[in-house]
There are 4 protein chains.
Amino acid sequence: MRNTFGRVFAITTFGESHGKGLGVIIDGCPAGVEIDEDFIRSEMQRRKPGQSKITTQRKEEDEFQILSGVFEGKSTGTPISIVILNTDQKSKDYSHIADKFRPSHADYTYHHKFGVRDYRGGGRSSARETAARVAAGAVAKLMLRSFGVTVQAYVSQAGPIKLEKHYSELDLTLTERNIVRCPDPELAEKMIAYIDEIRKDRDTVGGVVSCVAAGVPPGLGEPVFDRLHAALGHAMLSINAVKGFEYGSGFEGVQMRGSEHNDAFYKEGDRIRTRTNHSGGIQGGISNGEDIYFRVAFKPVATIMQDQESVNEAGESTVVSGKGRHDPCVVPRAVPIVEAMCALVLADFLLLNRLSKL
Amino acid sequence: MRNTFGRVFAITTFGESHGKGLGVIIDGCPAGVEIDEDFIRSEMQRRKPGQSKITTQRKEEDEFQILSGVFEGKSTGTPISIVILNTDQKSKDYSHIADKFRPSHADYTYHHKFGVRDYRGGGRSSARETAARVAAGAVAKLMLRSFGVTVQAYVSQAGPIKLEKHYSELDLTLTERNIVRCPDPELAEKMIAYIDEIRKDRDTVGGVVSCVAAGVPPGLGEPVFDRLHAALGHAMLSINAVKGFEYGSGFEGVQMRGSEHNDAFYKEGDRIRTRTNHSGGIQGGISNGEDIYFRVAFKPVATIMQDQESVNEAGESTVVSGKGRHDPCVVPRAVPIVEAMCALVLADFLLLNRLSKL
Amino acid sequence: MRNTFGRVFAITTFGESHGKGLGVIIDGCPAGVEIDEDFIRSEMQRRKPGQSKITTQRKEEDEFQILSGVFEGKSTGTPISIVILNTDQKSKDYSHIADKFRPSHADYTYHHKFGVRDYRGGGRSSARETAARVAAGAVAKLMLRSFGVTVQAYVSQAGPIKLEKHYSELDLTLTERNIVRCPDPELAEKMIAYIDEIRKDRDTVGGVVSCVAAGVPPGLGEPVFDRLHAALGHAMLSINAVKGFEYGSGFEGVQMRGSEHNDAFYKEGDRIRTRTNHSGGIQGGISNGEDIYFRVAFKPVATIMQDQESVNEAGESTVVSGKGRHDPCVVPRAVPIVEAMCALVLADFLLLNRLSKL
Amino acid sequence: MRNTFGRVFAITTFGESHGKGLGVIIDGCPAGVEIDEDFIRSEMQRRKPGQSKITTQRKEEDEFQILSGVFEGKSTGTPISIVILNTDQKSKDYSHIADKFRPSHADYTYHHKFGVRDYRGGGRSSARETAARVAAGAVAKLMLRSFGVTVQAYVSQAGPIKLEKHYSELDLTLTERNIVRCPDPELAEKMIAYIDEIRKDRDTVGGVVSCVAAGVPPGLGEPVFDRLHAALGHAMLSINAVKGFEYGSGFEGVQMRGSEHNDAFYKEGDRIRTRTNHSGGIQGGISNGEDIYFRVAFKPVATIMQDQESVNEAGESTVVSGKGRHDPCVVPRAVPIVEAMCALVLADFLLLNRLSKL
């Protein structure tokens, strides 16, 4: 198990879906960051279940407590611990899946790897773990504020419905105005209708979250292995249900010629800038001062309200039946998670860059 | 700078394109691995420049020496160091680019981050660094042999020419039979012709490398942050020119419904298997025993034989002119690099998995 | 800040003396360890304040909760989180020291390093943090049980009163029979009387804790930098108030000649053993199967009930007056802390050693 | 194996005593450090064998090459690799010890751990590995220069002959004036005579190296686990033959009372200082601006020119006979090694401290 992410602004998450609680330790947040608990709470609201008709109807209050690392409203440089108690851990009946492997879930692989697993609600493999990431990401965002760095994600695809516009053509302040978190209001309506239909079919569908980080200074990234985009990719691929990551021109860019793809340099006032930004703000693994942008693919949620073929721990054929309340499409609630992980990476690399020169 | 990759089978690479030498330290290779120098040499041959008309015509012999960690043909558990001296470091004239920032290269970002850079051939940011990775990856492959794990990559797209077939429909033994390393002989011819044309245009183009790992036992992966695919993504995105990574159903899979996408479990003899493999052999971040497969997007090579707008260190407008011998398309030579990084990740996680249970 | 210890059996502690709570995350405990909460509780009782007349009279109940990582009494391979809420954080008056630097405490250095500090009870620098280590160490001991490894520490010196006997001449089962935790009952009485006298003088004194690990298999240790004794030394020197560490023949051994000091090998049944054990069970940084033993020096507690010269944050001369309830000598309560850190190191290295051979 | 030391100024050493070569990669040296090769060479001269009649008469030239990371005389922020080829690896006859375990050497433990070992000259466990550390330490010293930090070690005990004076009473510029590296000229003579006598007895003896770091700014140290002295202790205990470490008042200090031991604060000009320095310049694990000082115990060298009882790989009784040229006492040559490891720790923590505050 490897539950720590980050080299100097490092988080360690813990907790199972239906255990007593979960949370995160942030070790390496510098002293002096204003810790605005209301902001953390508002970020967690964006992720929590039960927000709208297109998310799961489960209720989780996600009340958190900061146990350490903050004194008189500011970080002290010591570990910040944030704990979320699972108030609602009533002993639901899990006997119907306790010894079955749900298809495309982590049941079989955890069982094989550890010989034991907490089967309640997916245990450690549940996306509930991301609540801790969002809390930590909110702290990272509070630190990034001091540097003028902002991170904004949005839904750019839900199933086959795809936002073709480039982020620079969008008004990202509209993202939070609709329940699917797509900044194009018209397309948002279509996505909502589509997801709702999927939900009624007792099925699920995938989607794509796009993310833009602005105000990132040049110099962030630690080649050759911790190129900035490699760390961002690692962060995104560590989120439940993610199947792909691309930045800048991404997979589409492979068809371009170098002469179109290269970003010409020019001087704008004091800044060295590029005329295009196929590089996605990262060159040689290091930020160049332009906007960083990337896309993250999420698979359809594995829990469906249908019967599925499977086997149990004894290796016998069985059927897994859908039960409970689940998301028909994960991307609306994934938006704050993608932002959180992006903010954590940028906070880490902002600090690391202080070590580059004598 | 972060030049170490891997947690227990860890490599550290060093060296610049035109310095005295480069190489790699492998720390954590278990004792008892047969170190077949001929195999390492043959892997390095696959990467080296000057192989064919569609790669750079530069000559680099890549003769290596193992300085430590091997005794009587076997690894001893101590660090294996492999050094490649740059025999041909004749003082070429770099004055035409010494103070200019080549578009979409790492010149500007390194200069900004470190205040100083070795401008000869790109210095540390040169893809020459991957020679060290291929050497280390060959050692990882030698270890994987003992576990029956194989790793095979191939070119699945060059510019717009795309291999639509699934890897399971291909005969991967054909990959090395043509200079573009595409296992579909007909398409290979088209790719070669296309790349050659691009080369004549003094331009470059991108491509995609696909990779399959077979024989991987269930249990590899260290959630929540070091999910197996997150480590693979990190590894791939750390390779020069990579812009995207997807595994299993990837970006395409987002359009699928959960009911199609889920991989039903069944029993085949003693093994628990899945009827489909949209999961790409990884569930919950842990291998499930099916084939692991993924795709890696490479951008068009930044060095083109054309004049480009840029600025110099003083911030003045300037023109960068193409010179020298470079690859029109990087993917044929990227195949062994992708395999090497994949093998390194698998070796690392095979060892880590020994720690899962009491 | 660096609040993580261990490479694969890794702990991260958090929490301040007078904040809302403190605790520890254990990441890397293998699945299948029986987690006996009563045992953890009994270990914490050995450390807690208010045990006897020669320890501080402060009351701290140290009630802990395991929030995650354990299912049906066994570790699951996911992070084990243990939280201790500070029930008694009544707003004591700290105004008398809030801006003063207590001599030989961490007040000045934390203030300088972070620009801010939680001055209540020493904040993060308080020895209260070791409660979390003892909890984690108890889990490590539970794992070590399965391997037949035991760890026993005892007080071998309190101020000038020194136990001259070698550990092999002592009956270590007597250690817990007296309040100073010295296995020599007569000397224990002397130590107790001495410490009580020091306490009445409103002063403090230092001491030495010795520790023996038995049943450690050969092969533990990761040279060249993570020699077993280097990790043990690091662990011990990370405990509050520790000033020195020696193992085997230690500082005394420097006067010996090689011909006396060398431990001759012989065969005893199936085992290769040494006739003497000046090596302290460790050769070349790796355990050799003999008992591991070492000694840890603790300075006199810095908090004394006397007036002391100092300066305040403004740099003005001031006087710090002793107040509150503190230990006259730290070693009796340090015994379980030394054991805990030793157990954590051994658990880590037992796992790491699984990676040595193919 | 764990061959990397340091968190951000990190070194990885490699190489065996009688392999093709050894060396070190420094990853994390900031850009802009002037790399004075003559200084590195002079440091290596201080460690190399054959310096005087009281060191081994073996000849090793220790000619090194810097392969990367330096451009136009300065570090570039990329990995600095230093390689020392073993020019004199003539195939000596090792058959007399190839399958025998030399007492108090690492032969048995390496054999047990790895199942294989390079028995030539101790292989990886040879103190020859420290040549790489001295080279890296020289680079760390060059960086420390810019911060006004100096590190000076000296021999304070050889066998029973002990320098009782405190470092502040000594003229440390005299250290290098005699072959035993003791700054007290009279005592140096006695030590030399004593060691020479031991040598004639075909025996060996231990000793103590003391070390002082001056000019260290306040704020260095990363509690709770990477307290500055814990990292120094780890560093020292990772050196071959070290059996103990103490700093400040050390083991002697345990007998003191808190009222004597505490270091009162006062103001001297702009600086906050302490009237005494029992803390050894470190409080709460963080430097306070006073001199840092510590002592390191070295055991008698295990190789003696006498017959010793042992067993071989087959578990049969055997006799190991002394042969070859070895040091009668390791401390004179250990002085630059202690300094190197101290400099590496300080360089690492100077950089880490840049991360403490917003």
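Cβ coordinates are placed from backbone N, Cα and C, and glycine is handled just like the others.
No curator has checked TrEMBL annotations; they are predicted automatically.
The FMN site in TrEMBL is built from B:Arg124, B:Ser125, B:Ser126, B:Asn240, B:Ala241, B:Gly284, B:Lys299, B:Pro300, B:Val301, B:Ala302, B:Thr303 plus one of B:Arg145, B:Arg177, B:Arg325, B:Arg354, namely B:Arg325. Less than 8 angstroms from the CB of B:Thr303 (FMN binding site) sit B:Arg102, B:His105, B:Thr204, B:Gly322, B:Gly324, B:His326, each of them six or more residues away in the same chain. Taking Cβ-Cβ distances under 8 Å and a sequence separation of 6 or more, the neighbours of B:Arg47 (NADP(+) binding site) in its chain are B:Asp62, B:Thr130, B:Ala131, B:Val134, B:Arg333, B:Pro336, B:Ile337. The binding-site residues considered are B:Lys53, B:Arg124, B:Lys299; of these, B:Lys53 has the fewest other C-beta atoms within 10 angstroms of its C-beta.
Taking the C-alpha positions, the distance from B:Arg124 (FMN binding site) to B:Lys53 (NADP(+) binding site) comes to 26 Å. Residue density at B:Ala241 (FMN binding site): 21 other Cβ atoms are found within 10 A of its Cβ, drawing on all protein chains shown. Less than 8 angstroms from a Cβ of chain A: among the binding-site residues B:Arg47, B:Lys53, B:Ser126, B:Ala241, that describes none of them.
In sequence order, B:Arg124 are the binding-site residues among B:Arg47, B:Arg124, B:Ser126, B:Ala241, B:Val301, B:Thr303 whose C-beta falls under 8 Å from a C-beta of chain D. Calculated from their C-alpha atoms, the gap between B:Lys53 (NADP(+) binding site) and B:Val301 (FMN binding site) amounts to 16 Å. In sequence order, B:Glu16, B:Ser17, B:Asn240 constitute the residues six or more apart from B:Ser126 (FMN binding site) in its chain with CB-CB distances below 8 Å. A C-beta separation below 8 Å, combined with a sequence spacing of at least six in one chain, links B:Val301 (FMN binding site) to B:Thr204, B:Ala241, B:His326, B:Asp327, B:Pro328, B:Cys329, B:Val330.
When secondary structure is read from DSSP and collapsed to three states, B:Arg47 (NADP(+) binding site) falls in the helix class.
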